[in-house]
């Protein structure tokens, strides 16, 4: 059961990191143009 | 202002500098693919004076940071083959959606918290016990309680505002279930209990927020589309001062200003004519297709279209004081069918809310009486509240209407109100306006009756005039070489005359040229050739009418125009019922009468004379070319020439209602299984989680079927 001491913080940190990444993507307006973003991967630079 | 901000008065330049750089928004309907995005962005970035350009494919818009005028940018895009229309920044508003982003953030918090808590719950369900289980419950409580208190606030707020005025809505049992589940689970976790519903509280919040977000998206998409239509109309006028025309926003005009109205443009204000004569189309007001001639001093109303030469007028009433605005205002304040309509979701909530409260209350009382165990009885009551699937009910309608509205958007229909689909599905009568909706201005005569020389002269005369009718005629004649003319002179509101190889020729009103007929004639020497112009039936009208009849709708025509013209049109497109010569009030009464008789009507119209009927009708559709007032009165706006697609609108609406009803059926079926289990006390948190997820996912998957066939 000692493994829980590591695993629980790890799961909490990963979940928190996911939430932080989501909030960041929301703040930088990455959901404003879903169709456009899907198309932009096809543009060669 | 000076008192509030002394520094502003001292340094007005500083205020200007603090404003963001000018952002020009262009609507480019033809943006479709990745190639369009890069072509447009590359072209605009190459223009001198453009700081940045970014395409938004979802909204089919380009935002350009620049000091240039929109016209230069439109020109730049026209060069690479894209039609662009400048959008009026004031009508568009901020274009931001803080409410939507707030809901998404709450959705994200609920989602991530749910995943973490679920991870711990799975361990408990698979057999963790004793100290481990208690620890897991406590960690879950630490994550779930703050997350729920933050994420579920929209439900709490709605429930509270309903309760404060002594009413209940769907959010009351939802808030109750979330709060009780959280509070009870905290108590259980602290006291080493076996069952905790933290994951249920979170997944309830999560799924319901999805429904809330979908609902919000549908509404804001419709609002944005309507705003964009308003923004497409440029709200400026040409003010004459000291002999020079100056483009100013309409709002800046004052009574007494002299305004220049160019050909083909709507009259911006109410006032009277200063020029000698004018020729306008006031069909939006009366429904009559014939243009009206005015003499100096005549009263002109905002919204009329100038068909003749540019004229000058003196402004008397502006903006809110115009007749156009007053009529539009009257329409907005009138009690309408859509205000009286109770949506499907509200009707479901009226049955569901008392039922679920009674059930939970009865289970609590029953178990308390039977066992005397308060804690156990409360646990069961909470399980009943959670397991009765408010998620599926909360998602049933929004999931379907979001899917249906986005499908209709692709077909060219903007659905402006959420309940419009439900009302469109009930419609039994299709009421059509004539002028502008079913007809287009155009020509209809045999060009072989004119000789080649006459055709050349006609073409040349038509090309030399800016009158819309001349433009139509020039287009109707097609590819003909214009004859060489001399001494071309345009006579205001009458026609054009010139000489052709020594012979005087003229194109214009019959009366002006001394002919006996009505309408437009060509005069060559002494010979007169009539060029009958008449309204042309919209090409898709007949197919649309027969498709609607097949779908069980009874079409009829209401027109402000003459009986002869209306009868001819009705006959041409296969409509048997029609009424002509109606005033706007009569149209309104007729539509209201149809509703009283249960023949629920969908009004399709574009003029101001239809606006009353559009808002009285059970459901209404306006073409995108309609007046602002007509568009804002209608539930659905058709973009482009989509008359032929009208039957599809009804088909999608009917299917949407069918799928919504089916979703309620699915939710009821889940409840029929889950409620007895919960009431009898066999429900576990695992069961609640399964029932909630499965019912929500089935409902969403069922809604997606709207795109499959229609």
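Backbone N, Cα and C atoms are what each Cβ position is placed from, and that goes for glycine too.
Between the stretches B:135-152, B:153-170, B:225-242, B:243-260, TrEMBL puts its transmembrane segment entry on B:135-152. Fewer than three CB pairs closer than 8 A are found between the transmembrane segment (B:689-708) and the transmembrane segment (B:351-370), and contact between the two stretches is not assigned (pairs 6 or more residues apart). B:103-123 is the stretch from B:103-123, B:172-190, B:351-370 with the greatest number of Cβ pairs below 8 Å to the transmembrane segment (B:196-214). Note on the transmembrane segment (B:103-123): residues 132, 136-137, 139-140, 143-144, 147-148, 150-154, 196, 198-199, 202-203, 205-206, 209-210, 212-213, 216, 685-686, 689 of its chain, located 6 or more positions outside it, place their CB under 8 angstroms from a CB of the stretch. The average pLDDT for the domain 'HMA' (B:22-85) in the predicted structure is 84. When Cβ-Cβ distances below 8 Å are used as the criterion, the transmembrane segment (B:135-152) is approached by residues 106-107, 109-110, 113, 116-117, 120-121, 123-124, 128, 175, 178, 182, 185-186, 188-190, 193, 196, 198-199, 201-202, 205-206, 209 of the same chain, each at least six residues removed from its ends.
Counting residue by residue with DSSP, the domain 'HMA' (B:22-85) contains 22 helix, 19 strand, 23 coil.
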